[in-house]
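These features come from TrEMBL:
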TRANSMEM  20-43  transmembrane segment
DOMAIN    27-449  domain 'Major facilitator superfamily (MFS) profile'
TRANSMEM  63-87  transmembrane segment
TRANSMEM  94-115  transmembrane segment
TRANSMEM  121-143  transmembrane segment
TRANSMEM  155-178  transmembrane segment
TRANSMEM  184-203  transmembrane segment
TRANSMEM  255-272  transmembrane segment
TRANSMEM  284-304  transmembrane segment
TRANSMEM  345-369  transmembrane segment
TRANSMEM  390-409  transmembrane segment
TRANSMEM  421-444  transmembrane segment
Amino acid sequence: MTIGNLSNLKRKPGGKRAPWLLKCRSSTSFIIAAVWMSTFTIVPVMPTALMTRAGVEFEHREYWVSVLLMSEAGTALLMCPIFGYLVDRGRTRRLPFIGALVVLAVCMLVLQLAHSTAAFVAARVLQGIAAALVVVSAFALIGDAVSQDRLGQTIGYLGSAIASGFLLGPFLGGVVYNSGGYDAVFWFAYPIIALDMVMRLILIEKKVAVQWIGESNGDLESDLDTAQRIPSVGSREPQRRKGFVIFRMLKQRRVLISSWALLAQGILLSAFDATLPIFVETTFSWTALGMGLIFLPMAVPAFFEPLFGSFTDRFGARFVAFGCFLSLSPTLICLRFVQTKSNEQIALLVSLLFLTGIFLHACAPAMYVETQRALMVMELKDPGILGPKGAVAQGFGLQSMCQFAGVFFGPLWGGFVEYRFGWGAMTGTLGVLVALTALPMLWLGESEEERALMS
């Protein structure tokens, strides 16, 4: 079945009856909502829990927090390209989308029952598998359902969920842990998983809903027009290509640059995730509640990623990404001035973290959009180069792999530099990293020839 033939499909006599609430369950809005819910995942592990349940000594907390983050990120890093290939080759995106939640539920149970560092590590490995599978399949679902001129804004919704879950996990975990204890954190999370499962089960993909388009009115057809405007190798005679698609992607300048930017973003997020709670505890003598609350300034801007994504749709990725990374550098360097416990220093830290969150989340949708547009150009120039079924999931898998690579190396970077040279050196080196990342952003965007090809 090719995307180019979707509008011609009608229900055959004796065919299956259209599912209940077909238009609603296959609508772009519902798909976005289900994907948003799936990527907003909270699996908190606080340094305090490691000490009380796994017997980790006080001075080794930061080391084990880093190990747990790296276990999850390393697993996801390895699994993203594999899942990207399988999702592109599979008949449906929905099955792996549901499977990811089953793995996550097992992860949560293991984490709740954990009383050793080995059990905590095993739980985070399972979470890495679930994270890789859900991110790749979720982005692929969105890529199928949304047109290129709205992709930035829509990816912003996903980015807001991913970043919010990553950054709000310590906050919500700290609040619930402080008031109800360790088990209460998980009893808070299980209803979220249950609602997530319901939404995934009732979701209907666009390419499945098209079977009943003859029974539907123009609403569904207008949604499917989106898919028809996206080039698909299925409507052409593809040439056979040898080798892995991912290596063809990496030959593209724009894919390499956006992948590097996502790597840098992952390093920043996980470096703060590993060091910020310890920093505020030692500098300000804050408890688990304060260690969670300090992530709010960075997390709040994540909810504006759809707005930031619309900027990318309107102005292009080049200047959005360049401006954000360039502005992020001095913001990170200025964090070195937070050194003592005072109201002024706390206000400075909160303000700088809020600015960091704005610049970090504003550039994220641009990176994902840039890679998908680069893949579209590849397909238009050379039909079939991305394989017989295209490479939407593999493109998102490559980007997710780069971001997880950053999450893997971030605790190493942040933890090692902060431990050996202090907080100021850690934030300063991160500032240099993003300054160097800003320069390649000027080479993003299509050439005149590519713009003419896409028009």
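Every residue gets a Cβ built from N, Cα and C, even glycine.
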Which of 94-115, 121-143, 184-203, 284-304, 345-369 contacts the transmembrane segment (255-272) most, counting Cβ pairs under 8 Å:
345-369
With Cβ-Cβ distances below 8 Å as the criterion, list the same-chain residues six or more beyond the ends of the transmembrane segment (121-143) that contact it, or say none.
31-32, 35, 38-39, 41, 43, 45, 67-69, 71-77, 79-80, 83-84, 87-88, 93-94, 96-97, 99-101, 103-104, 106-108, 110-111, 114, 151, 154-155, 158, 162, 205, 368, 372, 392-393, 395-397, 400, 404
Under 8 Å between C-beta atoms and at least six residues away from its ends: which parts of the chain pack against the transmembrane segment (63-87)?
45, 47, 50, 54, 56, 93, 96, 117, 120-121, 124-125, 127-129, 131-133, 135-137, 140, 245-246, 266, 270, 273-274, 277-278, 391, 393-398, 400-401, 404-405, 407-408, 410-412, 414-415
For the transmembrane segment (94-115), could you work out the same-chain residues 6 or more beyond its ends whose Cβ comes under 8 Å from its Cβ atoms?
38, 41, 43, 45, 53-54, 83, 86-87, 122-124, 126-127, 129-131, 133-134, 136-138, 141, 182-183, 186, 189-190, 193, 196-197, 200-201, 203, 205, 208
Where else in the chain does the transmembrane segment (421-444) make close Cβ contacts, counting only residues six or more beyond its ends and a cut-off under 8 Å?
253-254, 257-258, 260-261, 264, 267-268, 271, 275, 279, 283, 316-318, 321-322, 325-326, 328-333, 335-336, 338-339, 366, 370, 413-414
